[in-house]
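Structure first, commentary second.
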Amino acid sequence: MGLTAYVNATFYTMNHESDVFENGMMIVEDHKITYIGPKNEEKLKSAEKVIDLTGKWVMPGLVNVHSHIVMTILRGIGDDMLLKPWLETRIWPLEAQFNTEIAQISTQLGILEMVKSGTTTFSDMFNPNGIDVDAVMHTIGETGVRGAFSFTIFSLGTEEDQRNNLDGAERFAKNYKTFADGRLTTMVAPHSPYSCTPKALEESARIAKENGLMGHIHVSETEYEVKDILNRYGVRPVEHVRRSGLFDQPTVMAHGVVLNDEEREIMKQYDVRVAHNPISNLKLGSGVADVSRMLDAGIKVGIATDGVASNNNFDMFEETRTAALLQKGTYRDATKLTAETALSMATRKGAEAIGMEHTGSLEEGKCADFITIDAKDKPHLQPLSEAYSHLLYAARGSDVSDVYINGKEIVRDGSCITMDEEKIIFEVNRLQKTLSY
Ligand SMILES: CSC[C@H]1O[C@@H](n2cnc3c(O)ncnc32)[C@H](O)[C@@H]1O
Ligand SMILES: [Zn+2]
């Protein structure tokens, strides 16, 4: 890849929260940003290709720190239910019918939606049952996206089933630790304290430790879960997972809706990072995570959608706005979760939360993962002078024009280049009809 200069745009770097270059310039060489700043005619001379982005806003690609991409085909199935019956009576019986073809098309649909709405990196947990995970990883690699993937560990079935599940997770974690030019990596993901035995949590910790990988787990999503774990083990979920050793590796905790001060202290001490899924938590009636207290306690928090069966989309603009509004509303304090903080959580801080410091902001040396928004003809993004505010409070995923990941163009003028949109939409509708529910 040659040296490409992107010029004449306003660059929102998300570097030091609000570093903005109007009429700026960015140079990308070998997948990386080598210059970001004011337009520089001298540097421009060295560019082999110049891309004129006049009037566009450029920002880092969004980072979705917790999703279930393989579930995308389940969008709209199982609405208006609490987490436990939703999982047990709708989602798990449907996932039991999945095969590799369904997983691949569902994954493509999810990634198509993600990239078109500005997400360039995501951290995902998928149910491996019945699917060829190698085929799914190759499918993901071909889309051009960046991400961390976890083969979920569940304590289900016979002892042999559980051993096979752990062996599969270990093999997957090792095989795909560095994959697709380094864009894809792995984490180790026991599903939750309620679906995994203490032994499975300990084994997960061992796999993560031996392979230098992060953990990823659902914890403290509902009041029910906290009571259940207290009843079973005599301690709350955070302490229960801590005892397994999982937190000895940096771990992404999805949800963290029901936490007390003591638990936040443990999380800070062990550098546990939180994936905040505000819309999924609202839709499943789980509650509102106290992000303000987590941030005050020094915990790293990223923004996430969860799967689209509990959201019901992958729009990270909507998710980030919801996160900010919920803190203001629940605290009755408009100063909570400012635009700067919320946008940095959806980009740079989210990337840091999942151990991907090489993306998430427009900085020299970082990977060229960025998106553009063409606000000129969009009434809801006027007046243009207040763009930073609009990025949080007014923009939506459908405003994204172009998406670049690792310096490669993935979406141009709203159309995805790396995937056959028409085919994916046709196939997902055909395959959805094969599921019984
Ligand atoms: C087995 S892989 C991940 C798996 O988790 C289930 N799931 C989806 N959303 C949630 C949630 O909010 N809490 C707990 N579990 C969830 C679903 O079966 C996924 O495939
Ligand atoms: Zn989840």
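Think of each number as a place in line: the chain as shown, counted from 1.
Backbone N, Cα and C atoms are what each Cβ position is placed from, and that goes for glycine too.
According to TrEMBL, H66, H68, H218 bind Zn(2+); the candidate from D134, D290, D296, D306 that the record adds to this site is D306.
Spatial neighbours are here defined as Cα atoms within 10 angstroms of one another, and by that definition the neighbours of H191 (substrate binding site) among the binding-site residues H66, H68, H218, D306 are H218. H191 (substrate binding site) carries neither a helix nor a strand DSSP state and counts as coil.
If you take the CA of E221 (substrate binding site) and look 10 A around it, you hit none of the binding-site residues from H66, H68, D306. Here E95 (substrate binding site) is positioned 18 angstrom away from H218 (Zn(2+) binding site), judged by their C-alpha atoms.
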